[in-house]
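Participant: There's a structure below that I have some questions on.
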């Protein structure tokens, strides 16, 4: 990129400089010249420290690799291994007990347990849908998914034709009544028997027939209503475990007319928080890509992001939802609730650089430092409302919420805290305005989690287990120890069970309850919602105040779990427990015996992973899609991002390193699976098949490189190869 602006010691891409100066800075109160001088100072000062931290990662990995190679024929001695990790500084002393001091945090983080969406910031439509997913129709979520089986005449009708299957609709209504019975039980009888609702002297009454009415078992669960009493269209607002439920009443509507109580929908407070992602779910490899993400982030914070959407043959403009206003039960006051999810922004980690900013010698500067500066500047608009900042606020407490991924240990968390402090100085923000969400997704952070939290104890607003990346790091860290177990077995290994408990226990021990989120990972099968409803309740039962979901519909369905589980009570019960032992966390997931694998087992593992890798990489390289719903080898749609890619590529790289498989077998597996992926993408007009010209297909070559060179990638990360290959593709396409 030749069109650059000199900023002190730096050279900034013109597209970025113009966007920040002309679009992002106005309305923030930050002087443009002072800001760019601050950028120059922060980047110049902190880039060398960033590089030192990456060198420390490499040095530790080299020492761990050497230790395992020297003991290749010996059984692993757990005590000696732990001593070694302590000696080299991989394990650090655990700090004395402490309590985090994070202040000025929104209720969505401190007190309300509920689902958390993660969405790629480069896609404006996805970002708008996610921000608006604070409230979701339970009827739509049930009708449109497999939670209601398509049996006994309950098949879905086509939304495009306006069809509606009343048999299925009746099952949806019955399911929703069961939800109400569990979340807001009546003093007598069941919501299933309701034939009407009314408000009398500030109390909600539910008519059950024969002129009999009953109230709620807990009358305080009725907190508001909309509409005018006595009119046909109105709604009732309930609350349970801090989450709201709106019962919409309209006996003249198509659905309400089939309901004996006139209820047309039950709307659940769903995605309480949403992470707008600049990291694993996006493919941003240059200044133009970054500016696209920054511009969408600006639109979200100013409240003016919009997108033309076509649905059911109609086109409309999607915008951010307004707040929701209810009348209090006594009819005298108002209750205003947020209409949108509280937004976090996930910056990239410490590893990657980006050509948006280079130094005088042309060296790219750390992308994580750039993200911290620019996403924080933009988020100032979300702290204010007015003519220059837009009508909507994000935080009501004056905080900016940044998720920082892929940090290795306390010293990297401390560096992030230092970076955030420097950014606050540049922007003129009070200390600790920038809050941090710590992803517990790297092994060195897991085993030193208490110290990592303490390193940002006045900023931390969440810790979250990211078991996908964490598995990738588990494999790479112990690459030389021996062949790892198969991917499907990994979730039942001792380390991962201890990891999930350890995260909750450490968070509670550091006083996160009531101050910060304790989160758990993603449901990766977006079409299998019945399975999610059956299984994901385990996360709040384990003490998680939030957990990741792949779609607004999934957020609405996962919200059911927080009505069923009182997470505050669970956390009170778990407080003070230490269920996970360090020995378990350090248990390497080696295969019990490679000799138990048949040739068919090995081929199946090769094919499964090659198909997963190709299915994700081809869209990343060719289309710049960072998060895909990729069919697996059995055509089950799975959410894939760089974390799942890291696992698949690292597992095959590990097996290659230990001669479980050969390079030829890997290449043959990729060539077998490429036509499968081509077939699965046949309906995509923009898709370019990989077969049969494998040698000239950049995506195919990237997938091969990720496996064959996997053991030499920094911590097993896929970004360096993906970014280089995507740039190669973009350059070729531009010719």
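Including glycine, each Cβ sits where the backbone N, Cα and C put it.
According to Swiss-Prot, the active site, proton acceptor annotation covers 346. Per Swiss-Prot, active site, proton donor is recorded for 641, and the stated evidence type is sequence analysis. The acetyl-CoA binding site annotation in Swiss-Prot covers 118, 125, 126, 281, 318, 550 and is backed by sequence analysis. If you look up Swiss-Prot, you'll see 346, 441, 466, 467, 468, 469 marked as glyoxylate binding site. Annotation comment: Swiss-Prot describes 441, 469 as Mg(2+) binding site. What Swiss-Prot records for 627 is cysteine sulfenic acid (-SOH), and it gives sequence analysis as the kind of evidence.
Are these features on the surface or tucked inside, and what touches them?
Facilitator: If you take the C-beta of residue 346 (active site, proton acceptor) and look for same-chain residues 6 or more apart in sequence within under 8 angstroms, you find 118, 275, 276, 277, 278, 279, 402, 403, 404, 405, 437. The secondary structure of residue 346 (active site, proton acceptor), as reduced to three states from DSSP, is extended strand.
The number of other CB atoms found within 10 A of the CB of residue 641 (active site, proton donor), across every protein chain shown, is 25.
Classification of residue 118 (acetyl-CoA binding site) by DSSP places it within a strand.
Under a cutoff of 8 A between CB atoms, and with a sequence separation of 6+ in the same chain, the neighbours of residue 467 (glyoxylate binding site) are 441, 491, 496, 499, 500, 521.
Every protein chain shown contributes to the tally, and the Cβ of residue 441 (glyoxylate binding site) ends up with 26 other Cβ atoms within 10 Å.
A simple way to gauge crowding: the CB of residue 627 (cysteine sulfenic acid (-SOH)) has 24 other CB atoms within 10 angstroms, across all the protein chains here.
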Participant: For residue 469 (glyoxylate binding site), which of the recorded positions 125, 126, 318, 627 has the nearest Cα in space?
Facilitator: 627
Participant: So if I measure Cβ to Cβ from residue 550 (acetyl-CoA binding site) and keep only same-chain residues at least 6 apart in sequence, which ones fall under 8 Å?
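Facilitator: Same-chain residues close to residue 550 (acetyl-CoA binding site) (Cβ under 8 Å, separated by 6 or more) are 118, 522, 523, 524, 526, 639.
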Participant: Find the longest CA to CA distance in the recorded glyoxylate-binding set 346, 441, 466, 467, 468, 469; express it in Å as a whole number.
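Facilitator: Comparing all Cα pairs, the maximum is 17 Å.
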Participant: Taking 118, 125, 126, 281, 318, 550 as the record's acetyl-CoA-binding set, what's the max Cα pairwise distance in Å, rounded to a whole number?
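Facilitator: Spelled out: the longest distance between any two Cα atoms in 118, 125, 126, 281, 318, 550 is 22 Å.
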Participant: Helix, strand or coil at residue 318 (acetyl-CoA binding site), per DSSP?
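Facilitator: Note: residue 318 (acetyl-CoA binding site) is in a strand by DSSP.
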Participant: Between the Cα atoms of residue 318 (acetyl-CoA binding site) and residue 627 (cysteine sulfenic acid (-SOH)), what distance do you get, rounded to the nearest Å?
Facilitator: 22
Participant: Could you say which of the binding-site residues 118, 318, 466, 468, 469 has its Cβ with the most other Cβ atoms inside 10 Å?
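Facilitator: The largest 10 Å Cβ neighbour count belongs to 469.
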